[in-house]
Amino acid sequence: MKAISVLGSTGSIGTQTLAIVEDFPDQFRVVALSAGRNLSLLVSQIQRHRPDVVALADQALLAELKDRLMALPADTRPEPLPHLVGGPEGLDVVASWDSADLVVTGIVGCAGLLPTLAAIRAGKDLAVANKETLIAAGPVVLPELKKSGSRLLPADSEHSAIFQCLQGTPWSDTARLSTGVPTPGLRRIQLTASGGAFRDWSAADLEKATVADATSHPNWSMGKKITVDSASLMNKGLEVIEAHYLFGLDYDHIEIVIHPQSIIHSMVELADSSVLAQLGWPDMKLPILYCMSWPSRLETPWRRLDLTEVGQLSFRAPDPAKYPCMDLAYAAGRAGGTMPAVLNAANEEAVAQFLEEKIHFLDIPKMIEGACEQHKPDLAANPCLDDVLAVDQWARQAVREQVNRGTRLRGASMAA
């Protein structure tokens, strides 16, 4: 039985991970959980899974969590109560919990970086749904992986598809991820993208895009931030950078293809020009399960793919004019160093500002480009962890300042 630690247990990835544990009680058990502020859901997860340790990102909520657990009926209250920890140190405890065999990282954004590093330094294998860890800190993470022997297993559908395709090659032993060197025999990666909420919109129509529009994904059920990233295609741009670090390919050999049906999750072209693809319904539980069961596969009762039901699979090239975030991501990846960290942080902040309706959808790439341009003179080619954390905070502030300037300008214009 494999012992699982879940970072971000109340989020989309975390809840799906725990659902898998419930589907396979003879294969997995939960030993550690971390969460943000959703105490009601967390309490129910503790009741059901009885972990050894639980961490809250906000240490101030620990007393309330303990009170809620103590108030449970005696027949449903875990005995003994889990060890409760809080703050960044608490997240590190969950990430490096001694009995955990696999750490599932479902914390959204750069907030997942430090606990992911803690897990790596503890020698844990990781199921990585937090793509920002490699994007922002690839030059920091790869040496730590080499030092500890940890393995990163991709829990997002696209990189899981690539990983699964490579398991069928003679060099699959070298495709265990995150060595930072090219995977032998791998010529090209094609990352498929649904096109997001605006795939059937014209570039001109995006002027009137609302938050509700951007957070309505046609195929996948995801959190708001990543759904907006899908609408802007930034999610795919970030995945290009992640694929570069995971599989060692140059950016010129990692392509994005719009595939509206979201049935092919990605493709690899091998040295002999063969192309391998992984197919399945758009369901995040499949790549998460593969991470959890790897190198084995578990039989599931889940819905099986019927291509006659799908009818057709279509593909088209993405329009750079409609998706400017895509080119920004390629440029940041090629610049390397601290630039991907700036790109990632600026995007996180710009999306947050959009979700609060402080900026328009088309302002998101403008804010990101502004931060990246400002950072060019200060780019660190070989960053350490402190460099990454510093530029992360700087980029967020740079976006906030752009938003504030724009607000003041709009206010002055209206007054005139």
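Keep in mind that glycine also has a Cβ here, set from the backbone N, Cα and C atoms.
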Margin query: Looking at Mn(2+) binding as recorded in Swiss-Prot, which candidate out of Glu64, Glu79, Glu89, Glu239 goes with Asp156, Glu158?
Written below: Glu239
Next item on the list: Given that Swiss-Prot annotates Thr10, Gly11, Ser12, Ile13, Gly36, Arg37, Asn38, Asn130, Glu132 as binding NADPH, state which candidate in Gly195, Gly196, Gly223 belongs to that site as well.
Entry: Gly223
Check: What residues, ordered by sequence, lie under 8 A Cβ-to-Cβ from Asp156 (Mn(2+) binding site) and sit at least six positions away in the same chain?
Finding: Val128, Ala129, Lys131, Glu239, Met284, Pro287
Next item on the list: Mind telling me which of the binding-site residues Ser12, Asn38 has the densest Cβ neighbourhood, counting other Cβ atoms within 10 Å?
Entry: Ser12
Item checked: Separation of alpha carbons, Glu158 (1-deoxy-D-xylulose 5-phosphate binding site) and Gly36 (NADPH binding site) (Å) -> 27
Margin query: Using the alpha carbons only, what distance in Å do you get between Thr10 (NADPH binding site) and Glu158 (1-deoxy-D-xylulose 5-phosphate binding site) once rounded?
Written below: 23
Check: Measuring Cα to Cα, how many angstrom lie between Glu132 (NADPH binding site) and Asn235 (1-deoxy-D-xylulose 5-phosphate binding site)?
Finding: 10
Margin query: Please list, in sequence order, every residue of the chain apart from Asp156, Glu158, Glu239 whose Cβ lies within 8 Å of the Cβ centroid of the Mn(2+) site.
Written below: Lys131, Pro154, Ser157, His159, Ser160, Leu191, Asn235, Lys236, Glu242, Ala243, Ser266
